[in-house]
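K.L.:
Here it is: the structure, laid out below.
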């Protein structure tokens with residue numbers, strides 16, 4: 001086998017081991033398995049445990065999975081043989097469903113006889129509602145629905161990144177509006193610094209793209225190509241960055257030459273924004289003496305379009321930001337905006353890119369507001385907190401079977417564990433609707449078939465190996481906008 005073929009993705013090997021044995025476990029004469037995905041509501045959670053509630057989620061990332069892994073001819077003779085060999089050793093037994101996969105290869109030319117219906121990407125849906133459903137379209141392939149659970153549930157990651165990023169956008173929007181009276185620059189207030197902090201190149205691409213649903217600033221280049229390939233934008237790129245220093249480009253000049261490093265860098269990038277990490281030795285000395293005195297003449301001459309952005313990168317994030325602002329406020333002319341908050345001159349800004357997650361972000365903007373500093377003065381960079389410090393449990397992303405057909409009879413099925421009512425699952429065929437008041441509601445047990453409830457918001461996105469509906473990244477961004485943004489645009 002050539003190396004290229006060896007490296008090719010094999011859906012037969014992309015499932016949890018136990019699922020390989022499940023075709024032998026369903027009731028005899030099962031002809032349909034219908035399952036759904038949701039971000040479960042936590043009904044009994046002690047509200048004091050978590051500062052952020054995450055009451056709604058951004059649906060994003062299924063389209064990538066369908067296009068990269070599930071569409072087209074995904075079953076071949078070679079892949080069946082490879083899986084057969086692996087599972088014989090892995091289980092030390094011949095448990096693999098070779099016959100079932102050969103059926104898909106022969107009858108459907110290796111295309112998956114599956115239908116997936118999903119809410120439009122970018123939609124913001126309260127927890128506890130159905131987000132997508134999966135069912136087999138060939139009665140012989142009842143076992144296939146939950147075989148692909150494993151890969152489909154990995155959508156938890158882009159959903160969670162997009163949701164957490166949007167919750168941070170809510171915080172920033174609230175404080176920016178309160179301290180400035182407008183939302184100018186909101187989409188550049190949280191910059192993705194997470195490339196090195198994630199577990200893989202693929203994670204970087206997916207996570208960065210999910211953040212870009214809400215914002216436009218990123219240093220995680222991998223997100224750009226993923227969006228271009230799987231979603232598309234009207235603009236040439238969906239995300240932007242600016243020249244910036246790292247510690248090596250400062251410390252390489254030597255400890256006694258930090259001023260020379262700073263001077264060189266701001267001169268190299270005189271007509272665009274430039275971010276300069278300033279804590280290599282002493283952030284407070286850098287702000288007061290180097291920026292505030294020695295190089296002050298170079299800073300005050302910069303344009304509004306090309307500010308110096310000072311980057312602290314150590315210490316307690318809130319304390320450091322406040323002290324940096326205080327020092328800069330003494331060294332540069334501060335004005336008061338229409339809301340009565342202090343504003344640095346337009347050629348000078350701050351970015352805090354260390355220790356930033358949704359909780360510290362809230363603390364910093366609240367602390368700034370209390371000290372009468374406008375959020376206009378600052379932007380944030382977040383890495384691990386944005387792309388890596390998240391799990392499937394944060395939003396309780398879950399995939400469960402809700403309906404089966406056995407011996408020609410449809411049955412609504414569910415789980416309801418005695419020890420955890422939060423884990424109870426939905427019953428029967430599901431649909432998602434909007435009430436006349438505009439709220440989302442999930443109807444169970446096939447009730448959505450009744451016309452009185454209006455259209456189902458779940459649309460077929462995949463059927464029998466084909467992606468049947470796609471969303472552009474621009475549509476997704478529009479769907480995910482904050483209410484506060486829509487109101488501001490309206491005014």
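Just so you know, glycine gets a Cβ as well, placed from its N, Cα and C.
Pulled from Swiss-Prot, these are the listed features:
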type	residues	note
BINDING	196, 247, 311	diphosphate binding site
BINDING	219, 311, 312, 313, 353, 354, 384, 392	beta-nicotinamide D-ribonucleotide binding site
MOD_RES	1	N-acetylmethionine
MOD_RES	188	phosphotyrosine
MOD_RES	472	phosphoserine
K.L.:
Among the binding-site residues 196, 247, 311, point out the residue whose Cβ has the most other Cβ atoms within 10 Å, with all shown protein chains included in the count.
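P.N.:
Within the set of binding-site residues, the most crowded position is 311.
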K.L.:
Find the one among the recorded positions 188, 196, 311, 472 whose C-alpha lies closest to that of residue 354 (beta-nicotinamide D-ribonucleotide binding site).
P.N.:
311
K.L.:
If you draw a 10 Å sphere on the Cβ of residue 312 (beta-nicotinamide D-ribonucleotide binding site), how many other Cβ atoms land inside?
P.N.:
22
K.L.:
Using the residues the record lists for diphosphate (196, 247, 311), what whole-number Å value is the largest Cα to Cα distance?
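P.N.:
Of all Cα pairs among the recorded diphosphate binders, the widest measures 18 Å.
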K.L.:
For the beta-nicotinamide D-ribonucleotide site made of 219, 311, 312, 313, 353, 354, 384, 392, how many Å separate the two farthest Cα atoms?
P.N.:
32
K.L.:
Here's one to test understanding: among the recorded positions 188, 313, 353, 384, 392, whose C-alpha is closest in space to the C-alpha of residue 196 (diphosphate binding site)?
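P.N.:
Of the recorded positions 188, 313, 353, 384, 392, 384 has its Cα closest to that of residue 196 (diphosphate binding site).
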K.L.:
Residue 392 (beta-nicotinamide D-ribonucleotide binding site) has how many other Cβ neighbours within 10 Å of its own Cβ?
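P.N.:
There are 15 of them.
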K.L.:
So if I measure Cβ to Cβ from residue 313 (beta-nicotinamide D-ribonucleotide binding site) and keep only same-chain residues at least 6 apart in sequence, which ones fall under 8 Å?
P.N.:
247, 277, 279, 283, 353, 354
K.L.:
List nothing but the one residue from 353, 384 whose Cβ has the fewest other Cβ atoms within 10 Å; the candidates are the binding-site residues.
P.N.:
384
K.L.:
When a 10 Å sphere is centred on the Cβ of residue 188 (phosphotyrosine), how many other Cβ atoms does it contain?
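P.N.:
Around residue 188 (phosphotyrosine), other Cβ atoms within 10 Å: 14.
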K.L.:
What Cα-Cα separation, expressed in whole Å, is found between residue 384 (beta-nicotinamide D-ribonucleotide binding site) and residue 188 (phosphotyrosine)?
P.N.:
18
K.L.:
Can you name the residues of this chain that are 6 or more positions from the residue listed as 'phosphoserine' yet have a C-beta less than 8 Å from its C-beta?
P.N.:
231, 232, 233, 234
K.L.:
Looking only at DSSP and grouping its letters into three states, which state does residue 311 (diphosphate binding site) belong to?
P.N.:
strand
K.L.:
List every residue in the same chain as residue 219 (beta-nicotinamide D-ribonucleotide binding site), at least 6 positions away in sequence, whose Cβ is under 8 Å from its Cβ.
P.N.:
191, 192, 193, 195, 241, 244, 381
K.L.:
Find the shortest Cα-Cα separation between residue 188 (phosphotyrosine) and the binding-site residues 311, 312, 392, and name the residue that gives it.
P.N.:
311
